[in-house]
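**Q** Pasting the feature list from TrEMBL:
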- His223, His273, His340, His530: Fe cation binding site (BINDING)
Amino acid sequence: MAAGSCMSSFNFKSIHPPKRTVSNFTIRSIATPIRPPSVVVPLPEIDTPARPNHVAWTSVQQERWEGELSVQGQLPCWLNGTYLRNGPGIWHIADYDFRHLFDGYATIVKLQFDNGRLIAGHRQIESDAYKAAMKNQKICYREFSEVPKTKNFLAYVGELANLFSGASLTDNANTGVVKLGDGRVICLTETQKGSIMINPTTLETVGKFEYSDSLGGLIHSAHPIVTDSEFLTLLPDLLNPGYLVVRMEPGSNERKVIGRVNCKGGPAPGWVHSFPVTENYVVVPEMPLRYCAQNLLRAEPTPLYKFEWRPESKAYVHVMCKASGKIVASVEVPLYITFHFINAYEERDEKGRITAVIADCCEHNANPLILDRLRLHNLRRFTPNDALPDARLGRFRIPLDGSGYGELEAALDPEEHGRGLDMCSFNPAYLGKKYRYAYACGAQRPCNFPNTLTKIDLVKKTAKNWHEAGAIPSEPFFVARPGATEEDDGVVISMVSGEDGEGYALLLDGSTFEEIARAKFPYGLPYGLHGCWIPRN
């Protein structure tokens, strides 16, 4: 046995036997093709033959399960804690198939590491949207692309009234999961009402996380910055275009305003799914992919859903001082589209003075087509062609000398990671600091979705890639070894949906990026989004 590792080969033991139904709806077999969605967004189609759905895009087969997994390989003895991954897990109600990846009802999955043993499980997050759908066998709240079907015009008017009040917006918390500094675990989406507390051990839904302040608003960034000492997020203002930068302390439900950024372009704020911070600053992106009130009101989706692409409004990045709320830079940058920022840090001159902010992101070459490519209709189609739009590790340089312009360029040759990049992580000890390594999902082409795991070296400008034919891995999450002094000393955890319908947990060495262990689930895993690590006390 290797030093620092524990060999594990436990037999699978089901604590909650798999069931074939979830509440009142029937689950299709993994091998059963699902019919195309009833409404197809009129963007360029991928003319390809049909085949049975990949398990990544198939609804999970039971509402909950827990059991011990047999591990092939070695789990590090120091790896004790729970990895939680959130994401959409149910993409149909009765005979109706959802349109978009982001519409699915939230499924929280856990990997609990305990002295060489691995307990896994999943459970549906019991949002009001999910419970209403199960009870009524139809969509009852506005999801990312789905709108409740109304019987007549008066009912539609009533639904619009509920939209303005926020009552009809979903609380389907299917995007991320974070551990607050006080230990509470919150699942999140882009609606503020979709903040739901769970028990990280049982995965049981505890209840709504209610903000106690009077800041109002309906939406926020789906990816707050969370540390042991604070919770930072952005609140887009749709009426008076801009963003509130807010902070919440551990043990509190009250957000306090640090400052406000007014938009420099467009009739509405840009989509702000995520944002980065440095040690002293909050970086506020203003993309030309902007919220659109008209699209929000439509009964059927437009190609860009609740957004519109407005390149004439230009693109900006703002930098705000955490301590004072003062805006120290607002610069125009080349057009960009990003879902996920990676990290940011401060650039200093030889005298130690801060001269610029560097911010890294997974940038989709300013191509809004990426949103359409995430329709389930596209993801479920086999294609021998390259249907995945190109992406790169985009690096912004925002000068703090009063200049009105910033820079955006690729931090390394995109061919290193297959011209695909998203779902990123890094060593959290380097949050807001200069760092060397990032982990993400890349591409081995041809493909229609990221299908590799990649470790990026920002100093050597190279990447190491893991790939398994037909597999679709989810976000690679880095967990540092306690006491480590090297940035990449740890493990990378990903949950993988296999081509043959299986699902498994995968562990890679954070340094060598070689596989050290995997553990197969007794059922297929749908694709998931974002996770967090909860160390064992």
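Even glycines carry a Cβ here, placed using N, Cα and C.
These numbers come from a predicted model, not from an experiment.
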**Q** Per residue, counting other C-beta atoms within 10 angstroms of the C-beta, which of the binding-site residues His223, His340, His530 reaches the highest number?
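**A** The residue with the densest Cβ neighbourhood is His530.
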**Q** What is the total of other Cβ atoms whose distance to the Cβ of His273 (Fe cation binding site) is within 10 Å?
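**A** The answer is 18.
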**Q** Compute the mean position of the Cβ atoms of His223, His273, His340, His530, which form the recorded Fe cation site, and then list in sequence order the other residues of that chain whose Cβ is within 8 Å of it.
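**A** Those within range, site residues removed, are Thr175, Gly176, Ser221, Ala222, Ser274, Phe339, Phe341, Leu529.
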